[in-house]
Amino acid sequence: MAPPLAFDDVLVEIGTFGRFQLRQFLLMILPLVFNAFSNLSYVFTAADLKYRCYIPECENRTDAAYLTEWLPAAVPYQRNQPAGCERYEAFVNISGDYLQCQASDFNHSAITRCFDFVYEDKAATTIVNEFNLTCDENTWKITLVGTIHSVAQGLALLLGGLFSDRYGRKWALLLSIGLGSTLGIVRSFSVNYEMFLVLEFLEPLLGSTMYTTAFILGQELVGPKHRVFAKSLCLVVFALGEATMGVIAMFVHNWRHYLLALFVPGLVSLAFLWVTAESVRWLLSKGRNREAIVILERAATANRRTLSESTLKYFATNDYQRETPDLPANPSFFEQLAEVFRYKRLTIRLAICSFCWFTNVMVYYGLTLNSVTLAGDKNVNFILITLVEIPGAVCMNFILNRFPRRMTQFVSLAVCGVLCLVTLAIPEDDSWIHTAMFLFSKMAISFSFGVLYIYTAEIFPTNLRQSLLSMCSMIGRLGSIVAPQMPLLAKVWKPLPMTLFGSIALLSAFTILEFPETGNVRLPNTASEAENLKANSFDSDRSE
């Protein structure tokens, strides 16, 4: 029997990041951008609007303005803004010159509800004004959209991982984009809130796994020294995709047209993504060596390299990396998961990884939702908040290639936790310091999130890589379900959200120290190889 041949050795033959891998990554830009669209489209389609009661005694519908000189006489104010659904009763029917409306015309002791409104931005249309989701009693319907979306994403990550590990990364990617884009388009034609909500659940359920799949497709075909660059590229593209949403929102104010602008390109992209190469590692793990050889030969040709005869012969005559003969030839996910639980370190690693995902997702989305406290145009703020992730993504490419994975993950989480807690000690009058601390906290958790994606993909074996990555990410999605509830905690005690973010980030940082070091270490193909990563730590490599 021929000696074992590691796939990373094959990558050295064909080139660890040549033209073939670059073309693959350029194709992956499309699903990364579309995932950003899917992930946060509800921020704009279900955005709350500023509105106040329409006062027919003092204005007419055609020229009604959100703020007028006489408005304080007709409606109560809260925090220097007119109340949304309340107005004062008029003493008499006022007619003639509207400018004559004054405080004496209204009974300030009698406040009534209204059901007709004047909106601050008359051009903006979201589900709030189209489906009449106004006033406090309907607030839960607006927040439910984000919660439903997050629940669907959590389920999708599990289902997508199972599908991808069994039927292939390429098919998972194409179906995810195709189904997600189609459902996103259908959602733009919703006739009521209930239909919108159902489609808001189905679209991410069937389409939101495109990021994970695209990341795996790109990551598995590059060498260890280029994994960080590959992830940095994914983070930059994703942030640019998010920022693009803000730019589109500046020009497209109708939520139906906005959804069409986001999801129609997804269907068009399928023609380009059809040429995406299947994961060679996945093909080999399934014993489909002939198909793997074809892709490797294509890669070698594109990279102007030659695949050696010995390598071709090895793949043609051996069951690649087959190490668990007690498992069936095509084991199910649960049979493979049971194999993982045979290893103590892998089991502990899976538990810690899931907790770290929960922490990163909750803090990341929690800080994003708290960004509404920043002054200025909401679209510009959204663009800036997403673009602040890019410096961390670029720095990651230099930092992770020079410092251990474990320590980098620890420091980034710890810094985020400390910044969140330090913010509590800053006086509220120093608004610019609050803004700076917020942006640095967001940058730190974004950096930590990027490192965690790389780390998770490196500490689990090939045959379960996407399934376990998806499982950790699915548990992490509980954080995105919890994050929208942070404003409710602030009503109990204002510093509570930032205290929670800081504390859980610090706790998560210390659990990371249990992880093995994976920098410049070959990706494990089997459960036993993943278990023994402990012996291949950064420190031991340096000492040899």
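Here the Cβ of each residue, glycine as well, is placed from N, Cα and C on the backbone.
Per TrEMBL, these features apply:
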DOMAIN    102-520  domain 'Major facilitator superfamily (MFS) profile'
TRANSMEM  25-44  transmembrane segment
TRANSMEM  171-189  transmembrane segment
TRANSMEM  195-217  transmembrane segment
TRANSMEM  229-252  transmembrane segment
TRANSMEM  258-277  transmembrane segment
TRANSMEM  346-367  transmembrane segment
TRANSMEM  379-400  transmembrane segment
TRANSMEM  407-426  transmembrane segment
TRANSMEM  432-456  transmembrane segment
### Query
When you check the transmembrane segment (258-277) against the transmembrane segment (25-44), do you get at least 3 Cβ pairs under 8 Å, counting only pairs 6 or more apart in sequence?
yes
### Query
Considering pairs 6 or more residues apart, do the transmembrane segment (346-367) and the transmembrane segment (25-44) have at least three CB pairs under 8 Å?
no
### Query
What mean pLDDT does the predicted model reach across the domain 'Major facilitator superfamily (MFS) profile' (102-520)?
84
